[in-house]
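According to Swiss-Prot, the feature region 'Disordered' maps to 1-22, 36-55, 65-123, 151-278, 385-473, 520-656. Under the heading compositional bias 'Polar residues', Swiss-Prot lists 1-11, 85-106, 185-197, 390-413, 520-539, 592-606, 624-633. Taken from Swiss-Prot, the feature compositional bias 'Low complexity' applies to 67-82, 417-439. Per Swiss-Prot, compositional bias 'Acidic residues' is recorded for 162-178, 198-210. Per Swiss-Prot, compositional bias 'Basic and acidic residues' is recorded for 446-459. For 782-802, 809-829, 835-855, 860-880, 903-923, 938-958, 963-983, 986-1006, 1015-1035, 1075-1095, the entry in Swiss-Prot reads transmembrane segment.
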Amino acid sequence: MSDNRPTYDTSSSDEEPSNHFHIQLPQRQLNLQEIRKQNHKKHEKPTIAKQTASNLAKAKKITTGSNHKFGNSINNNNNNANKHLGSSSAGTNRRSLISPTSSTHVSSDDDDDDDDNAAFYGDKLNDNKKLNVFADTKNNLSHFQFNADGIKPKSLHGQGDDSSDDDGNNLDEVEDETHSDFAVLNQNHPPQQYYETDSSDEDEEDDDEVPQTVHKTYSNASSGRSSRLSRKKSMSETTDTRAPIPPTGRRSTNSNHSRESSGRRSTSSGNINSGGGLKGILRKMSLVDSTPVDSTNQDISHSDTFLGRVLNFGTNQGLSGGGLAPGASRVIREEDEGEWNLDEERRVGFAAHENDRDAFEMQPLNYEDLSEEAKQLIQQHVPGAGASNLDHSQQSSAAPSTEITPSQSPNQHLLNEKSNNNENNQQSTTVESSSSTSSPGEDEELARRRASEERKKAENPFYTPNPDLFLRGTNADNQELHQAPNDFLHDMDGDYIAPPKQVQAGVLSSLLRLYQNPQEQKSASSLSRVSTGTSGTALSSFDDSYDSDDYKDSKSSSNVDLQHKLKSGIKGGSKAMFNKAANKLKHHSHTRTNTVETQGSSNSEEFSNDKDEFSNGYDDDNKMNANLPSFQNARPKMPKKKTTEPVQKLKKLRHKQRAERLRITVHIADILQRQRFIMNMCRALMLFGAPTHRLEEYMVMTSRVLEIDGQFIYFPGCMLVSFGDAATRTSEVHLVRCAQGINLSKLADTHKIYKAVIHDLIGVEDASKKLDDLLKSKSRYPPWLCVLFYGLGSLAVTPFAFEGGWLDLPISFGVGLCVGYLQFYVSSISNLYSSVFEVSAAIVVAFIARGIGSIKGGDLFCFSAIAQGSLAIILPGYIILCGSLELQSRNLVAGAVRMFYAVIYSLFLGFGITLGAALYGWIDHNATSANSCASGHAIDEKWRILFVPMFALCLGLINQARWSQVPIMIVIAGIGYIGSFFAGKHFSTVTEFTACIGAFIVGVLGNLYSRIWKGMAVSAMLPAIFVQVPSGIASKSSLISGLNTADQITNKSSSNNGGTVTNDASSLSFGATMVEVSIGISVGLFAAALIIYPFGKKRTGLFAL
């Protein structure tokens, strides 16, 4: 060993490009205090002090070594390495080439390294020469990380036996690295954990040197240290000019000075399985270590393994992109070419050009591309599966099952799956709320579900094909009545139900099935009377499928005996006695059979199974305990023999027949209940004043939901209902007749029940019960309160419609009470009087009004205002509304009947007024004959609008409306009156145009209320139409036009012919006025429908419930 101190000449690395020693970049100062504490904790043995002293002496000699021998040492070292370059394998384990005694040989390079690695830091070393050495040569060696701040101890992967293989030159590296200049290090250099020492390169180099350096002098070790030092300085000089690199493994770190290292180093990175404790470090995060690692004392969070990077994921030392790309290869440098054929791993992050660094870098996952590829694969292998949706416990999605894009929310999927199920259950029925648009995949899935349900119904004997589809051919009519599915207004109402392909079988066909069962004609005795030979043959053939050939004869004979006994039991005994005897015979038969089987041949399958199951062979015990309760025979050893086959057949046949009868009976009861519900629904809608133009549609939708073959046709006052039976080509016709009335609260309740049924929210039984309770329930307001409302309504309508004065209001209130009493008390008592109620009421009103109006010559009260105001509530406003809606929906029969009835009704009222005025004229010859109020008698126009809300409120309460329904009625009625009032100022002589403008405003508001707030437009529009009718009539005062006729009657005109002509003209004048008003209201409602539903939504039926 030389005493000369070496000078650290960096020219050796430039002159020797084949130098194969590696060194790490230091980045931290030595944290001596921490290292001393750790070392003292781990090594508390007496031998440590001796080893420390010897190693400190060795370190002193190293630092005072000679300088002139470095050149020769380097040359010798290099020559030795080059000689054995080809002979030594890169993958050879270093320990297999080292002598067992080499760890104590001073002149060996490996001995020096091992001894130096077993040493501690001395207390008297200089600051630039402090060493970090661990002292257990047979145990695991510590590993250090260098950076600008300090050095942290790092435990190696390998332990125990691999201690001699890990970093044999650790002492030399530590000594040289402590003399490095840290000022030249780049601040952007990758952190310390990516420059941890990987012993794969040193080990492979040492493997080549082992045959020459095992017995070398220490000068070779010193020359190795100097060469590594020169290489390290050259690396530090090139650090400033190097671009920042991503954090990678040890292989990437050495690539910057790859042109100064040996060509063999390019092969060392490919040999992952070579020896060394640190070969488990992942290179560029994606290389996997294949050598077993003992990580007992390893700090995973600070290691360079995959787990360490995962634990440090949040820092700049964690996982990053890059790594060895799939399909990449490592190519050894061709020295003849003079340039590097860099492998892909090295080219990713350390290429010379910026554009080449990402050639094989792993990119983030593109989920859209993955989704498309998955769809293509699924469609290629499983056609049609790409459009299906998976059913999840909360699923619901508009996306197909192959969609894997993370942006697709499972909740939305779940919300969309639920909407699909609703559409499936309701057969394209939409709920009140807006529904999302379904994708083509959902449509296909929905179509498949419908097809499966239709197939199940087709196989069910209680379903028959819908005659509307194959027999009557009403598809075209359905398309005419209902809008096409692709219309954007299709889902607004939610009442449309597609006609089902299968409907419930009719009652008659079910009865025929019930009473024409051919098996019913056979008695029990005829089924049990079979010959012995036949039964024996049948039973023996049955036994052949279960019994073996060894004991088939004995079993068949016993079965024949059992059959004889059963037959006698069937003939002679009762059913209870027969069952008891059959069970007893069955028990004895099984006992005898088991005894024979136990004593019989042991090669049979039954005996072997019995022996294997119980594995004791207690034959005698089985015989003795045959009559005792035991669980050994609870499990049958073979299928039970049908020893009582005739009886079993008889029982099964009876059970099957009974079950079939029960099914048919339940089916008939269900059909009758559904038909009864449909008729009750029809009766309720007619009684409570549903819009008559939609009654047929309500019934059709209800029958479709209930799967009943029903046909309906409506005439005013009656509904023809036909329930068909396609199997027998018969139909059952019902006629539902009832007096049509108005009850807005019960109409709303009926509408709710109807909605619940068509959306399958409640069953038919519950709906029938609720409907029956609703039909039996009393009215919301008692009759005496309705009479009061009549009086208030008459009081309110007099000022704004007929120009009544303040003094006319109490008179109108009193006369209105009389009209209310006649309607709610007298008319309800006698059906005969209800037929002449309008005429009688008009007579009473005209008589009282003319008598009061004649006071003081007609200057105090206005006869026309009192008479018309008192009769305004019974004017045919609702009849005109229903008639115009029916004409608009092309229901010509009902519409024409109602409109003509409104005209006739008006003629009745006119005739009553004429008769009442004539009666008072006979009494008082000085009775007033004024057809209108005097000027200045009416209330100021600015106060008239205040009575409109009061009139609308009274109309609503008279028609049994809820208080919650009143506000919208008042709003629509008030706005409609304002429009008709100002229209009447300009078109005073044109009654039709005035009524048309008012009805148009009312229709627009009613349709908006129905479309936006999902309310009942008919109930909201009814008071407003009642306001429009009196206003139109009052414009010509045609209601009291019969007053002239009354005067002629009382004055007894001599011109009979002329009087007759005058009488005819006066009688028809009020009817003509009602026709004009009806036409104006109908045209206004048509125009409103055109504005709100510009594409003509026919299926909605204007002003839908």
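Positions of Cβ are set from backbone N, Cα and C atoms, glycine also.
Beyond the ends of the transmembrane segment (860-880), by six or more residues, the same chain brings 689, 742, 790, 793-795, 797-798, 801-805, 807-808, 811-812, 815-816, 818-819, 823, 838, 841-842, 845-846, 848-850, 852-854, 898-899, 901-902, 905-906, 909, 913, 928, 930-934, 937, 955, 958, 1022, 1025-1026, 1028-1030, 1033-1034, 1037, 1039-1040, 1074, 1077-1078, 1081 to within a C-beta distance below 8 angstroms of the stretch. Listed as Cβ neighbours of the transmembrane segment (903-923) (distance under 8 Å, sequence separation of 6 or more from its ends, same chain) are residues 838-847, 850-851, 854, 867, 871, 874-876, 879, 1038-1043, 1045-1047, 1049-1050, 1066-1071, 1073-1075, 1078.
Contact between the transmembrane segment (938-958) and the transmembrane segment (782-802) is present: at least three CB pairs lie under 8 Å, with pairs separated by 6 or more positions in sequence. Counting Cβ pairs closer than 8 Å to the transmembrane segment (809-829), the top stretch among 782-802, 835-855, 1075-1095 is 782-802.
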